Amino acid sequence: MATAGGNSYRNGTHRNSLKVDRPLSVNSNPKTSIKSKPLPVSGQRRSSTGSINGTTGASKDDAGVPGRVRVAVRLRPRNAEELAADADFADCVEIQPELKRLKLRKNNWDSDTYEFDEVLTEFASQKRVYEVVAKPVVESVLDGYNGTVMAYGQTGTGKTYTLVRLGEEDTAARGIMVRAMEDILADVSLETDSISVSYLQLYMETIQDLLDPANDNISIVEDPKSGDVSLPGATLVEIRDQQSFVELLRLGEVHRYAANTKLNTESSRSHAILMVHVKRSIKGRDSALSSEIGNNSHMVKTLKPSIVRRGKLVVVDLAGSERIDKSGSEGHTLEEAKSINLSLSALGKCINSLAENSAHVPFRDSKLTRLLRDSFGGTARTSLVITIGPSPRHRGETASTIMFGQRAMKVENMLKLKEEFDYKSLSRRLDLQLDKLMVEHERQQKAFEDEIERLTIEAQSQISEAERNYADALEKERMKYQKDYTGFNKEA
Ligand SMILES: Nc1ncnc2c1ncn2[C@@H]1O[C@H](COP(=O)(O)OP(=O)(O)OP(=O)(O)O)[C@@H](O)[C@H]1O
C-alpha cells in the first residue's frame, strides 16, 4: 500500500518536515571543526609532525585542541529476507549523500531529516567508508594522539562488516581494522617505532582476552592523576607485519562469543575492542617538548632525551543495540541482553550528559563507559559510524540509532598529544656513557700508576748510580789522599 507514497516520498513530491537536530553547517564554528589532513599519496610516507588541526608540531597548550566527535551513518543494502518480506514497501530511510542528509520516513507523507558528518549509501565501498570514518583517526594516532573508531547500530546492520571483515578472499571487502593496520605499518619505521595490539571482548560486564580465552576477567586500571585507562592484564602482541595481525584478528574472531537471537542468527552478543598502541621515537624532529627544552647550551644538547609519542587506536565493535523485547530473548540470553543494554544505555547516558554539558557524566555506571572515557569527552579523536538497515519493520530501532548519532555529534573532546621525553633511553645512554668513562678512567689510572712505577724505578736506578759514582769518586779520592800521604812520609 505504501508503494506510491513511498516512491513519491523518495522523489520529493510531498512536503517533508525538516527536523535537523543540530545546526545545518557541520563546521559552522571554525574553532571546533577538525580539518582533516589531505590524504597521503599512496606509498608516500607522511610527515609525522603534522598536527590535528593542520599546523606543524603539537599544541603547546596543555588543554589540547578541540575536536568534536564525528559521526557517519552507513546504510546496509536490503538482505535476502528484506528483499522478500519488504518487497511491497519502501525503505524507511532515504539518503542524500551530496547534502550529507538522511531522511527517516514517518509515514507516506512525512519524514524527519537529519544531518551527519558523512552519510554512506548502501553502495558505499569499504574503502570509502575507511577513508571517511577511520583514516583521519589513524593519522592522528600516528601523530601521537589517542583515537577511537566505534560502530553502533541494531543487530545485523553491518557493524562487524564495517570494522572487522578480513577480506582475505576479496581484498576490496577489507574492513576498518585491517585497513588501519595497513596504514600504520606503512607509516612507521620498525627500527625505531613499535606497534602492539590487544584484542578483548566485554561480555556480561566481564572483560575477556580474545587472544587468550583463559584470561577471562581482566580489570580496568585508571590512573587517578591523568585519568588514563589501561588493561595491564591483557595480552599485548607486538606486530611487525600485516599477515600476523590478520591471523591475530582471525584468532580473536574464533574466540568471540556469538549467541543466536531471533533477529540475527549470527548476532554478536559481546562488545569487541581492539587496542593498537603505536610508540614512535622522535629524533631531531619538531615537537612541543623539544622546543620547550631549547637547544642553546651544548650541555643541554648532549643530555637532551629523545621524545616518544604514544598514540592509541581503539576500535570498538559494539553489540547490537536492539530492544530486549524485540529480540525475543529469554533465560540466559535475556540476562545477556540486559547486560548489553546496561552498557549501551550507560553509554547513551554519558553521551547525553556530555552533549548537554552536565556537571556529572556517569562514566562509572558500566565497564564499557569506563573503557571509553577518553573517547567521549576525553582526549581522543573519535569517529563513530552508526549502521542502519533499510527495513520499515525496524523503523523504531533505526530512529533510536539516528538519535544516538545525533547526540554523539554534540560531544566535544580536547585532543592531547601523548608525547614525553624518553628518560628511560636517556638513562640507558647515560649508563653506557658512564661505563665508557669508568673504563677510560681505569685505563688512565693504570697508565698513571705504570708511569709512576717506571719513574720510581728510573729514579731508584739513577740514585743507585749516583751513589755508586759517589762511592767510586770517594774511593778514588781516598786512594789519592792515601797515595799522597804515603809519598809525603817517604820524602820526609
Ligand atoms: N554494507 C553491506 N553490504 C553488504 N552486506 C552487508 C553490509 N553490511 C552488512 N552486511 C551483511 O549483513 C549481515 C549482518 O552484518 P553484521 O554481522 O556486520 O551486522 P552487525 O551489526 O555486526 O550485527 P551484530 O550486532 O549482530 O554483530 C552480514 O551477513 C553482512 O555480510
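We number each residue from 1, going along the chain as drawn.
In case you wondered, yes, glycine gets a Cβ from its N, Cα and C as well.
If you look up TrEMBL, you'll see 1-11 (among others) marked as compositional bias 'Polar residues'.
Residues or ranges marked as region 'Disordered' in TrEMBL: 1-65.
Among the features that TrEMBL reports, compositional bias 'Polar residues' is placed at 25-35 (among others).
Residues annotated as compositional bias 'Polar residues' in TrEMBL: 44-58 (among others).
The domain 'Kinesin motor' annotation in TrEMBL covers 68-411. Mean pLDDT for the domain 'Kinesin motor' (68-411) in this predicted model: 87.
If you draw a 10 Å sphere around the CB of Gly158 (ATP binding site), it holds 24 other CB atoms from the protein chains shown. The feature ATP binding site is assigned by TrEMBL to Gly153, Gln154, Thr155, Gly156, Thr157, Gly158, Lys159, Thr160.
The coiled coil annotation in TrEMBL covers 438-491.
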Select, from Gln154, Thr155, Gly156, Thr157, Gly158, Thr160, each of the binding-site residues with a Cβ positioned under 6 A from at least one atom of ligand 1; if none does, say none.
Thr155, Gly156, Thr157, Gly158, Thr160
Out of Gly153, Gly156, which of the binding-site residues is least crowded by other Cβ atoms within 10 Å?
Gly156
All-chain count of other Cβ atoms within 10 Å of Thr160 (ATP binding site)
22
What's the number of neighbouring CB atoms sitting within 10 A of the CB on Lys159 (ATP binding site)?
28
Is it possible to get the count of other C-beta atoms within 10 angstroms of the C-beta of Thr157 (ATP binding site)?
28
Per-residue Cβ crowding (10 Å cut-off), top of binding-site residues Gln154, Thr155
Gln154
